[in-house]
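Each remark here refers to the structure printed beneath this line.
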Amino acid sequence: MTSGKVFGELAILYNCKRTATIKAATDCKLWAIERQCFQTIMMRTGLIRQTEYTDFLKSVPIFKDLPEETLIKISDVLYETSYSAGDYIIRQGARGDTFFIINKGKVKVTIKQSNSTEEKYIRTLQKGDFFGEKALQGEDLRTANIIACDPDGVSCLVIDRETFNQLISGLDEIRTRYKDDDVAGRISSTNKEFQNLKLSDLQVLATLGVGGFGRVELVQVNNDTSKSYALKQMKKSQIVETRQQQDIMSEKE
């Protein structure tokens, strides 16, 4: 063994007998740490990290209203991953069951359109933003690319679907709350002329275009040929994954 190597590591974890003999072959200078000291340091470090993660989770919309004890449990199972600029954190079309919260740095969201080899830029996310939340609800196909774009690197806190669902019994309540808010917003801003219109009331005349999020059809209302409309059909999963909800609602208004 040479400089930089370690031995006796089992002793700081367990109260067990030595499994080998170490003999100095030359004059040596060693650094040593006792088990009790190591465990005290790790406990203190763990508590500090738990507090930091818990405080951070309170700033994330999907977590902020959860009980303190639940946030503490979540912070205990979070693990940190780091990425260099240009690294793909998520690839469109890949399977995944993990949810990411940006702890440091910035990432860009892109999608690859079916009729193009180029990736379309959607937006930039930064500290406190999150992505991959659809994976927590069982939709494991990624609908966008997430790429680290900070020259100083990106750090994310990660939790997997199984752990998340085990810890948060109120996940259904969270889903319901967001769904109710969504519906309320849609109803309040819906044009009265089309409020009771159903998709079955529309007749598709032609396809005007196809894009990364969906397609645009030329339609008419049955029994009314005096007017034609452009019907934009969008993929909800991609909208949610790329955090475009507000943009879509603004466009609708």
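In case you wondered, yes, glycine gets a Cβ from its N, Cα and C as well.
Please treat TrEMBL annotations as automatic predictions, because they have not gone through curation.
The following features are taken from TrEMBL:
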- K232: ATP binding site (BINDING)
- 1-59: domain 'Cyclic nucleotide-binding' (DOMAIN)
- 62-181: domain 'Cyclic nucleotide-binding' (DOMAIN)
- 202-253: domain 'Protein kinase' (DOMAIN)
Notebook entry, point to check: Taking DSSP states H, G and I as helix and E and B as strand, how many residues of the domain 'Cyclic nucleotide-binding' (1-59) are helix, strand and coil?
Noted result: 27 helix, 0 strand, 32 coil
Next item on the list: Run through the Cβ atoms and count how many others sit within 10 Å of the one on the residue listed as 'ATP binding site'.
Entry: 16
Check: Quick one: DSSP breakdown of the domain 'Cyclic nucleotide-binding' (62-181) into helix, strand and coil?
Finding: 33 helix, 43 strand, 44 coil
